Amino acid sequence: MARSGSCPHLLWDVRKRSLGLEDPSRLRSRYLGRREFIQRLKLEATLNVHDGCVNTICWNDTGEYILSGSDDTKLVISNPYSRKVLTTIRSGHRANIFSAKFLPCTDDKQIVSCSGDGVIFYTNIEQDAETNRQCQFTCHYGTTYEIMTVPNDPYTFLSCGEDGTVRWFDTRIKTSCTKEDCKDDILINCRRAATSVAICPPVPYYLAVGCSDSSVRIYDRRMLGTRATGNYAGRGTTGMVARFIPSHLSNKSCRVTSLCYSEDGQEILVSYSSDYIYLFDPKDDTARELKTPSAEERREELRQPPVKRLRLRGDWSDTGPRARPESERERDGEQSPNVSLMQRMSDMLSRWFEEASEVAQSNRGRGRPRPRGGTNQPDVSTLPTVPSSPNLEVCETAMDVDMPAALLQPSTSSTDPVQAQAATAAIESPRSSSLLSCPDSEPRQSVEASGHHAHHQSDNSNERLSPKPGTGEPVLSLHYSTEGTTTSTIKLNFTDEWSSTASSSRGNGSHCKSEGQEECLVPPSSVQPPEGDSETRAPEELSEKGTLPENLTQNQIDTAQLDNFPAEPLDSNSGEKNNPSQDSPCGLPEEGTLSETDRETCEQASTESATRHASTKPELPSQTEAIEQASTESATRHTSANPELPSQTEAIAPLAHEDPSARDSALQDTDDSDDDPVLIPGARYRTGPGDRRSAVARIQEFFRRRKERKEMEELDTLNIRRPLVKMVYKGHRNSRTMIKEANFWGANFVMSGSDCGHIFIWDRHTAEHLMLLEADNHVVNCLQPHPFDPILASSGIDYDIKIWSPLEESRIFNRKLADEVITRNELMLEETRNTITVPASFMLRMLASLNHIRADRLEGDRSEGSGQENENEDEE
């Protein structure tokens, strides 16, 4: 090897290291910086230690062992050299493990891990399983994405999650916390989902946080504190020293899937979902002088992307080394049998969304959306695409396409309640978190379908025009989202006016995985249960109270406008779904998704137009009483009727009855209070009536958005650095999973996993592509280099951990193959941006619906014909 000149003295240097004559780090830096060394990498070992996708891997400080976590909810400590498992730990997690770390300086005996249900476990491998199960933190609302330990600190660790908070825990203070709605350990409230964190190695008080608004925020932890320590700042801008965002993503919502500091702390590597990898210097400030986009430019960039194609859930044909772009498959005649059907469905959805977009444009600025045409049922209902407030950074656009109720009815009518089959279990349990792009664990990947009791009535048009209690018809709501772990999502809901399943009591917030976006928490459009037991509450009881669906619809909308709250999904007992004069109700938006009334809220918040609505509603008390009797979900009414609600609820309750100045003052006081609102998925409120949960969630969301808007305004006045992009690394594809890691390897290389099943390695300084390794049958998610030796560990959707080392005798980098893979990835990344993943139940429902519509038309034609014959007979 020395004779070839590629790595002179390598054997002698390795010999010196084994004899302890040279520092291992010197050998690592000397040879790891050479591209010929990188291009000799070869698969050395495969560790089959899990029964599910391996979502996190971590070397211990000495590089002897690997800690891994998986969909099988187990933690495993293995020896990659002997290929043996040291310890298998039943973690106590009930959902997919996303991140696990050894606590430093604990002799690898203490582990911290987090999972998709938001629970963090503090595990001591020397303690029994029952004791370890007691050491859990349930503080996060929604998914917890990552755990980060502090160098040389065995007692503290940080976490980030979907609720937009970064939390700091000290095991000397407590080793568990199951307090409901706990805010004691919040270090930073980002107002947007915090999906990744990183600590600067040489200066560990610098903390980088990646958020769902495409931003990377760097904080000085010395300026921060928690409520537990008594010095919580309560502002998302406190301690912020830099904020990075690529210019072309400033008005988009690409989630950060990975953050990584360089060893010297001088650069940060950030990987974006549905985009590329960027390198920036946190001390740079040259982007400050760039022009800030106007509100009109933001509005234009947030427009709905085209919907070109559908993908069935579980279809992983676009991942792995053998994946091909659609154009190439068409050219080679390799179309799958279901392509024709999927394409026809895609064309149909495209037409719906185009029509919805047109109506959304015409409805923008109106009080609420109105139905198209004068038919007895709305064909398409939409939400406007953007708010006008320039200070509120909006993650995404959304629209609800509500198909006629007939689309969900079976081909034969029935007067008996029919239980619609749920397409996913996401509503019932957080176990099925879809952040991991694993075929086995993707029950909620991009589309949610919730089943409810659907009372299928006869096809009498008079009944449809005049709905009454107990005769509500289900509505198919297609919620198109441009934010999530995929680039686009459709949410499918089967809802009924007067009934819902018991599962809705736990899951009014659900995870939507979008292949190519962030994972988003989406409350189903109409799954809130009525006050009390949703199964035993009879429709007749509600009808006796004299509240008509039409009145409820109008009151709900007026209330949403009056109180300036973000719109919340109406209770399944509200009558809006069956009111032919109204479109389907707007759902409480996921992060960044704004419904019609929510957009009005954003547009009017700066001027407090809600006070004007309040002063023009003298009939409010009577409406309140009627709606409360019907157990609907007006936030203001329920907060005023429930004195046991949290302080924010108490603060907002009397505002509707006060004069405008008092209302403004109260809102301002509440907004500046210490009760810091966080991003709360509706499913978090597991106790108490459904209407109470929704009321609290709406108020929390309202104040969270207010605080976020104010903090974004403050950013322009603060001395916060705004770095420019230093280098961009392309060629890989990051669109199907939320845990795609990018990492530094030594001082000269950058690497990342990819949806094509390869490991990509670039030159750090030139972005030249240097190496391509086939490492998974579907997706490579995790890459962790050995702390000293030139060894790399990788994992992904395959149920194993792969160990790579420079064993090839000569360079094996195939430039031609790499160029082909890069070209395909670029094409498929663009395809993924316009692809929506739907469950099989969605396709079956659509086919049944179209068949039912066709049958209805034929029946209608026959009825018209018989009617004409009868008229002729009467004339005779």
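Yeah, the Cβs are placed from backbone N, Cα and C, and that goes for glycine too.
Taken from Swiss-Prot, the feature repeat 'WD 5' covers 251-290.
What Swiss-Prot records for 288-303 (among others) is compositional bias 'Basic and acidic residues'.
Feature annotation from Swiss-Prot assigns region 'Disordered' to 288-340 (among others).
Positions annotated as compositional bias 'Basic and acidic residues' by Swiss-Prot: 312-334 (among others). Look at the compositional bias 'Basic and acidic residues' (312-334): DSSP puts its residues at 7 helix, 1 strand, 15 coil.
Per Swiss-Prot, region 'Disordered' is recorded for 355-391 (among others).
Annotated region 'Disordered' per Swiss-Prot: 408-485 (among others), in sequence order.
Residues annotated as compositional bias 'Basic and acidic residues' in Swiss-Prot: 456-466 (among others).
The region 'Disordered' annotation in Swiss-Prot covers 498-645 (among others).
Here Swiss-Prot flags 499-510 as compositional bias 'Low complexity'.
The compositional bias 'Basic and acidic residues' feature in Swiss-Prot is assigned to 534-544 (among others).
Sequence annotations record features per position, and here Swiss-Prot assigns region 'Disordered' to 658-691 (among others).
Annotation comment: Swiss-Prot describes 692-721 as domain 'IQ', evidence class sequence analysis.
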Within the domain 'IQ' (692-721), how many residues are helix, strand or coil going by DSSP?
-> 24 helix, 1 strand, 5 coil
Note the mean pLDDT of the repeat 'WD 5' (251-290), expressed as a whole number.
-> 92
Could you give the number of helix, strand and coil residues in the repeat 'WD 5' (251-290) as assigned by DSSP?
-> 4 helix, 15 strand, 21 coil
